[in-house]
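Visitor: Grabbed the feature section from Swiss-Prot, which reads as follows:
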BINDING   165-172, 190-194, 212-215, 282-285, 317-319  GTP binding site
BINDING   Ser172, Thr192  Mg(2+) binding site
DOMAIN    1-158  domain 'Obg'
DOMAIN    159-336  domain 'OBG-type G'
DOMAIN    356-434  domain 'OCT'
Amino acid sequence: MFLDTAKIKVKAGNGGDGMVAFRREKYVPNGGPWGGDGGRGGNVVFVVDEGLRTLMDFRYNRHFKADSGEKGMTKGMHGRGAEDLRVRVPQGTTVRDAETGKVLTDLIEHGQEFIVAHGGRGGRGNIRFATPKNPAPEISENGEPGQERELQLELKILADVGLVGFPSVGKSTLLSVITSAKPKIGAYHFTTIVPNLGMVRTQSGESFAVADLPGLIEGASQGVGLGTQFLRHIERTRVILHIIDMSASEGRDPYEDYLAINKELESYNLRLMERPQIIVANKMDMPESQENLEDFKKKLAENYDEFEELPAIFPISGLTKQGLATLLDATAELLDKTPEFLLYDESDMEEEAYYGFDEEEKAFEISRDDDATWVLSGEKLMKLFNMTNFDRDESVMKFARQLRGMGGDEALRARGAKDGDLVRIGKFEFEFVD
């Protein structure tokens with residue numbers, strides 16, 4: 001089964017908790033704090049593997065969780081950092097944040113790596129909080145929670161040339177005779193239901209990859225037929241071979257076919273029309289094909305401005321192999337002078353997949369539940385909250401000072417909070433003291 005989209009969840013490892021410990025040894029009076037830091041949580045890393053061809057591995061395994069770091073230890077020893085979880089993906093995988101739709105990365109090179117979820121840093125042990133005023137602190141931090149996100153994966157096959165056209169115009173036959181690929185061929189619509197890939201070698205020794213894509217029909221850009229399921233694969237191609245059945249064996253007008261397919265390409269992604277097209281007039285061994293070709297050329301010229309350059313037209317027969325060598329040489333020549341096309345605008349890409357907080361991000365938000373409990377929320381606040389060790393009084397007091405420094409007490413008071421009101425942060429409830 002060919003699978004080219006998948007939605008998965010990834011969870012990086014939490015940082016290990018810092019430790020509260022004190023040095024207690026004979027002949028070492030006033031040993032002081034000795035608790036070490038927790039280890040870093042493991043990242044979730046995507047690694048490109050050229051041996052993979054589909055996203056099939058993600059059909060049943062949709063959850064990926066990295067290990068957490070070890071806790072800090074006595075003698076000031078740090079906990080061990082967790083190993084990264086490395087997930088193999090095929091070449092041509094685009095990774096999006098499922099919530100925002102932003103493109104995180106486009107993985108196209110073998111061995112390329114990208115961190116899709118960052119592990120949390122280890123919490124600090126009490127040795128880190130020693131000061132002249134507090135030489136024996138009973139303060140430690142919990143490890144930072146690892147990043148958790150839902151991802152949308154899209155596989156767009158890597159090919160230099162894409163074959164497009166209506167069903168049964170001869171795309172699969174053409175691919176089978178110009179490459180060693182063995183696509184499924186039949187005298188019925190949608191014989192090809194997955195993209196097929198083959199390598200072409202011209203008489204002059206040049207080579208390039210060709211993809212035979214499932215046939216398009218009118219409305220494909222809106223999902224009709226196989227629709228957008230396979231239109232995405234055209235995006236990576238640099239040259240489009242537009243295959244047209246000049247025999248009109250299906251009862252359609254070849255020129256109307258040409259217009260209809262271009263309309264679908266344009267509707268799906270305007271940039272597809274920036275790619276150079278070669279018109280391949282196929283089935284020229286059939287009766288009336290030559291007459292239809294002359295009519296096609298006439299209509300094409302009528303709809304082009306006199307200063308516009310007409311697309312190149314190559315009459316061929318996939319069955320008899322007539323005209324194939326000339327077509328392949330011209331395709332190779334066009335590829336040599338055609339650059340790669342950007343798949344995404346910069347606005348579609350995250351500048352950096354970084355797990356952290358924006359300087360201008362609001363520290364917290366205040367709301368009120370139906371039971372009159374004040375609720376404090378916000379990513380920055382929850383990070384501090386989750387890293388607080390509430391088993392230690394000094395850690396609790398430290399969090400209270402941080403919350404006050406962020407303006408929490410003042411903001412609650414401004415919203416009308418009174419002495420004795422309940423305040424909820426996460427699953428914990430506190431009493432507001434004015």
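Cβ coordinates come from backbone N, Cα and C, glycine included.
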Visitor: I want to verify one value. Collapsing DSSP to three states, which class is Ser317 (GTP binding site)?
Guide: strand
Visitor: Quick check for the class: what is the C-alpha distance, in angstrom and rounded, between Ser317 (GTP binding site) and Ser172 (Mg(2+) binding site)?
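Guide: Cα to Cα, Ser317 (GTP binding site) and Ser172 (Mg(2+) binding site) are separated by 13 Å.
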Visitor: To the nearest whole angstrom, what is the C-alpha distance linking Gly165 (GTP binding site) and Ser172 (Mg(2+) binding site)?
Guide: 11
Visitor: Between Lys171, Lys283, which of the binding-site residues has its C-beta surrounded by the fewest other C-beta atoms within 10 Å?
Guide: Lys283
Visitor: Can you tell me whether DSSP puts Ser172 (Mg(2+) binding site) in helix, strand or coil?
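Guide: For Ser172 (Mg(2+) binding site) - judged by DSSP and reduced to three states - the answer is helix.
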Visitor: Suppose we draw a 10 Å sphere around the Cβ of Ser168 (GTP binding site). How many other Cβ atoms does it contain, all chains included?
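Guide: A 10 Å sphere around the Cβ of Ser168 (GTP binding site) contains 20 other Cβ atoms.
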Visitor: Tally of helix, strand and coil residues over the domain 'OCT' (356-434) according to DSSP?
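Guide: Secondary-structure breakdown of the domain 'OCT' (356-434): 29 helix, 17 strand, 33 coil.
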